[in-house]
Every structure is written in C-alpha cells, then in structure tokens.
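Since the structure comes first, as structure tokens, the remarks are kept for the end.
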Amino acid sequence: MTRRRSALASWLLLSLLGVAASLEVSESPGSVQVARGQTAVLPCAFSTSAALLNLNVIWMVIPLSNANQPEQVILYQGGQMFDGALRFHGRVGFTGTMPATNVSIFINNTQLSDTGTYQCLVNNLPDRGGRNIGVTGLTVLVPPSAPNCQIQGSQDIGSDVILLCSSEEGIPRPTYLWEKLDNTLKLPPTATQDQVQGTVTIRNISALSSGLYQCVASNAIGTSTCLLDLQVISPQPRSVGVIAGAVGTGAVLIVICLALTSGAFFYWRSKNKEEEEEEIPNEIREDDLPPKCSSAKAFHTEISSSENNTLTSSNTYNSRYWNNNPKPHKNTESFNHFSDLRQSFSGNAVIPSIYANGNHLVLGPHKTLVVTANRGSSPQVMPRNNGSVSRKPWSQHTHSYTVSQMTLERIGAVPVMVPAQSRAGSLV
C-alpha cells in the first residue's frame, strides 16, 4: 500500500515537472485487440533531452468492468521494476531493457477481464514541458461459445415456430446465421431471420419445412455452430388412427351387446318352451245328473262288506266330448236280496222307507233305506285328434241295497241327504 502511494506521488510529480520540461510521449495507435489467451503488446514511447538517470514510468488501467477503480499494472522507478495489481503478477513486463525511451509492456495469457483503457505516464527529470501521458485501449476478443439451438412453438402442421440460437460468450458480440442443410442451403420462403438476435420465425409450417437446420455464430476471431432437426407433425394420420380406434371399440361393444341380447332371448325362449311342454292340456268337463231310480226293491240288510260299495251318483259323460260316437249303453243290473228280516216286516205293518234318487231324499210307505251303488272300472283313456284326452266309458254294475229303519236306529244312523258328486269328487 505504501509502494502504491509512492508511485502515485511520483506520477503526480512527474506530471507537474513535465509541464516545464521538453519530454514528449508519442501518440499510441489507440486500440489493441487480441484473442483471449494470447499475448498483447501495449506500445508507449517518449523523447527527452536529458539522461535517463531519473526515469519513472507508471502503467495504469481503468478496467472496462469497473471504471471507478483504476489499477496499477507495472512500475519502473530508480532503476527497478515493481509489480502492480495481483492479477497481473507474472504476466506483465517491459518489452525492452530498462531504462529506455520505449517503455512498451506485454501482457501474457490475456483474459477477458484485461479489457480496458491503459495509460502510460513518463517522467525524466530535469526535462520539462510536452505531453507525458500515453493512452492505449486493450480489447480481449473471445470467440463465440457453442451456441444453444431450440425450437419454440408447436411443430404441428400449419403452426408457427421460432428457431432460437444464442452463445453465452463472444466478444465482440457474435452474429447468427441460420441455414437449412439441403441442396439449396436456403430457409423456407415463409421464414424470417434476425441475425442479431439469432432467431428464425417460420410461419405456417408444412411437410417441406421439415429438415436439419444449422446455426452459425461468428465474430472477428472465431465461429461456432449448432444443429437442430425440425420435424413437422402431420395431425391427419393420428386423427385417423384415433377415429379408427373409436370405431373399432364401438363395433366390438355393439357385437357384445347383440351377443348378450341374443343369448338372453334364446335362453328365455327355450325356458318358455320347456314350460309349455311340461304343461298337460286340461279340459273342464261337465257331469250329467245321475239317473233316478225308477223302483226301489228291498234288499237284505246283511250284505257282505267285501263288495266295497261306495255312495256315489251315476257317472255319466257329456255327449259333447264324443266325436260322432253313439252314447254308450249303460248296463245296470239290480240284485234283489231278501232276508228273513224282509219277511218279518211284510204284512200289514207300514215301514217308512228312504229312497236315494241321486238328488233328494223321498219318504215312502216302507221304512227302509234304498242305497244305490255303482261298481265299475275307470273309463279307458283314448287320444283325440285335437290333442286332448277322451275317456271311453266301461260298463258299470249298479247294485241296490235296502236297509231297515230298525237297523239304522240300532247303529245310531241319522238321516242325511247326500248331494250328487262327480267322478272327481266335486259337487254337481
């Protein structure tokens, strides 16, 4: 810090003394450009009439990044050289042997931060007068870094897309040139290019817009490129595929629904058919009234019970169930059984009798009960032409029995009227 202050004091002193001396610093070329990493030479020379015994040279820099903070680069005073700012250590030196009237310096391995305005201040006592400051600009050039290529926007056919290209580094600022890598190396007719911003706008893209595009970033000392593949998407095939898939799915669903409906219908039909086949057609038949007994004959009361007699009305069949068949002849046989009791009741005694005529009870002059019983086999079942079942009557045997009142009273019988019944047991 003390050395820096002494250098600044010497620079001010030399400046004041230079007003009266004849020392003159020659004009510099104004600006020096160098690529990053290379060596830059900053020229500075002066003329004097005095010996170089008291020569003082100071190099200062005003950085481009921070103009308010000047920095010392190198100092020559009293026959010795002193380093300036830390970032210049080992990289800066005088091009010639000091002391000399050529006080140019070099900077090795230049960096981007080395860009700025350099000042050369020369004093050589006792010379006075002239201009003792030289100014030289240094620009460290940086080639463009590898640019980044992007696509902005939809790539569907008919859309607008923007091709972007930019480099992070590059001094001077690079320019960008887009081209399509085909036979013509030209952009589509609908493309608009901005070389400063590095953009290309392609409107209403089509299948012809597809291809490989190249962006070239360049400046004074170098170039760099990037590639971008633009593939325009045609929506028609995708829409056709979606429609085809939807139609196929709908068709499958319809087929499944039809199959389920048909299966349910056939199942219902077969089930209903089985139920119809299981049903036997029934016909309601009317029974005719049983025939009335024309005569009542007394029978012996002690009749064997093994005859299996039943109280029933005569079974008849309606003539409408017969197809032009004559009405069968009923063969009824009456058996008259007389017992000793019959003789005991004969004479003048009047015995009340009860007659069974099928519908009602009639009191007669003899007190005896006449029971009419039918015994016969069931009618034969015969099929008819219309699918119904008819029955063919068999011959029946009718037996009449007479029971005396005394016998009925002895067994505790009560007179009742039995209505006529059909073959099935229902009342007529």
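Note that Cβ sites are derived from N, Cα and C of the backbone, with glycine treated the same way.
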As recorded in Swiss-Prot, which of CYS165, CYS257 forms the disulphide with CYS215: CYS165
Cross-link partner of CYS120 (disulfide, per Swiss-Prot) out of CYS44, CYS226: CYS44
N-linked glycosylation site: annotated position in Swiss-Prot, out of ASN102, ASN108: ASN102
Close approaches to the transmembrane segment (240-260) from elsewhere in its chain (Cβ under 8 angstroms; 6 or more beyond its ends): none
C-alpha spacing of ASN102 (N-linked glycosylation site) relative to CYS165 (disulfide bond), in angstrom: 46
The domain 'Ig-like C2-type' (144-234), counted residue by residue under DSSP: helix, strand, coil: 3 helix, 44 strand, 44 coil
CYS215 (disulfide bond) and CYS120 (disulfide bond), distance between Cα atoms, whole Å: 43
Integer Cα-Cα distance in angstrom, CYS44 (disulfide bond) to ASN102 (N-linked glycosylation site): 6
